[in-house]
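*Asks:* Once you've had a glance at the structure underneath, I'll fire off some questions.
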Ligand SMILES: Nc1nc2c(ncn2[C@@H]2O[C@H](COP(=O)(O)OP(=O)(O)OP(=O)(O)O)[C@@H](O)[C@H]2O)c(=O)[nH]1
Ligand SMILES: [Mg+2]
């Protein structure tokens, strides 16, 4: 189901405006999504309606107009800017006589094209199957009257086949879910955390193509724990990243944190995809700090921020402190960068000065509870000295007759672990 061939098709896009503010933007974005899928948009049809028509989504006249315009422009596919009911899709397919898909199907196809890792492929396939399930239909000969429901109303030989198909799909979904659970996508962060004694986690989140991966790579260039640390994939295309990557970074004062980069969002992200990608997004859900990366050079950035924040809520991410990072300021001649105003940071992910300042801002947040103390570690506790050198920001070390005397900046958890060796200043 997921080995879609890369296609290059001429497509017509069509949408209903119910007077919503972001309608124009969502149509522009649909064009971008079609491009991301390798298609070329040759025509654009819009209808103003208070609500979609039950059986055919658009009014009759509009359906004819779409069919004519598509043919006149040699389009082979029509893409509708919404998630349609199964019967609406079937009816439009019949009436227009061309391949008709909805926005959800298009996004699923893009994700399927992009998925490289086993986990991403499995997650996409689960979403595809869930989308397909209510769209299975034993016969598609006559025009359905209503949206929703569909095939189950049809009685006869087809029903048995339909039931069987459904059972097969449900079984496969269950198996893929099990595989995903066994692969445990969230394990990556926990593994690194276990090795490193609970260093804080910072997650990059935001709209697709905002520059999350570029920001991650910029920070890795400056602060990667090991020089050979692998960079993540960045590219000027929607949904370049479908997996979560976690890397450990060490700041100049020896403070360490984990940085995660993950899948981006888009408006009307299909709910099946959100569900399927919950495991991938778990890093963000468990983060100590979120950095919302925004493409500040895109005039639609306020809508993108709104959609990002809504999506985070849908996933159940709230109450995590957030820095808003307005990226690509280099593309805005009217803007000075890097510039910090509270937790609003204007920057360019391609500018080292910006990244240094971002690192300082991260430090300020995640090490807010840090305190500097002096400890006297007995020689018998050599592993604690190693721990301090590895995990805390050590500013002085002195070897005395009684043990190793270390001054370090530690967070609350580390302070607890070291409390019994605290030197009380007299
Ligand atoms: N001019 C400019 N381009 C940038 C900047 N940051 C990122 N880009 C470009 O924006 C495009 C997208 O960057 P990515 O880092 O892949 O974006 P992303 O947020 O990871 O996107 P997805 O993985 O698709 O969600 C790439 O072509 C980057 O080179 C910046 O500060 N300035
Ligand atoms: Mg990315």
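We count from 1, first residue shown onward.
Just so you know, glycine gets a Cβ as well, placed from its N, Cα and C.
Annotations in TrEMBL come from automatic prediction, not curation.
Pulled from TrEMBL, these are the listed features:
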BINDING   206-213, 239-243, 261-264, 327-330, 348-350  GTP binding site
BINDING   213, 241  Mg(2+) binding site
COILED    159-186  coiled coil
DOMAIN    200-370  domain 'Hflx-type G'
*Asks:* List the residues of the same chain that sit at least 6 positions away from residue 209 (GTP binding site) in sequence and have their Cβ under 8 Å from its Cβ, in sequence order, or write 'none'.
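*Replies:* For residue 209 (GTP binding site), the qualifying residues are 236, 237, 238, 240, 264, 295.
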*Asks:* Please report the distance from the Cα of residue 328 (GTP binding site) to the Cα of residue 213 (Mg(2+) binding site), rounded to the nearest angstrom.
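*Replies:* Counting only the Cα atoms, the answer is 13 Å.
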*Asks:* Including all protein chains shown, what's the count of other C-beta atoms within 10 A of the C-beta of residue 213 (Mg(2+) binding site)?
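*Replies:* Total other Cβ atoms inside 10 Å, all chains included: 23.
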*Asks:* Going by C-alpha distance, which of the binding-site residues 206, 212, 263, 348 is nearest to residue 241 (Mg(2+) binding site)?
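*Replies:* That would be 263, nearest by Cα distance.
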*Asks:* Taking 10 A as the limit, how many CB atoms besides its own sit near the CB of residue 241 (Mg(2+) binding site)?
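*Replies:* Residue 241 (Mg(2+) binding site): 23 neighbouring Cβ atoms within 10 Å.
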*Asks:* I'd like to know which of the binding-site residues listed (206, 209, 243, 263, 328) lie near ligand 2, counting only a CB under 6 Å away.
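*Replies:* Cβ under 6 Å from ligand 2: none.
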*Asks:* Counting only residues 6 or more past its boundaries, what in the same chain has a CB within less than 8 Å of a CB in the coiled coil (159-186)?
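*Replies:* Same-chain contacts beyond the ends: 118-119, 122-123, 125-126, 129-130, 132-133, 136-138, 151-152, 243-244, 279-280, 282-283, 286.
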*Asks:* Across all chains shown, how many C-beta atoms besides its own are within 10 angstroms of the C-beta of residue 328 (GTP binding site)?
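*Replies:* Cβ-Cβ neighbours of residue 328 (GTP binding site) within 10 Å number 24.
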*Asks:* Should we count any of the binding-site residues 241, 243, 328 as near ligand 1, judged by a CB under 6 A from one of its atoms, and which?
*Replies:* 241, 328
*Asks:* Can you tell me how far the Cα of residue 243 (GTP binding site) sits from the Cα of residue 213 (Mg(2+) binding site), in Å?
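*Replies:* It is 11 Å, counting Cα to Cα.
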*Asks:* Sorted by position, what residues of the same chain at least six away from residue 263 (GTP binding site) have a C-beta under 8 A from it?
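*Replies:* Once residues fewer than 6 apart are set aside, residue 263 (GTP binding site) is near 208, 239, 241, 242, 243, 244, 277, 280, 281.
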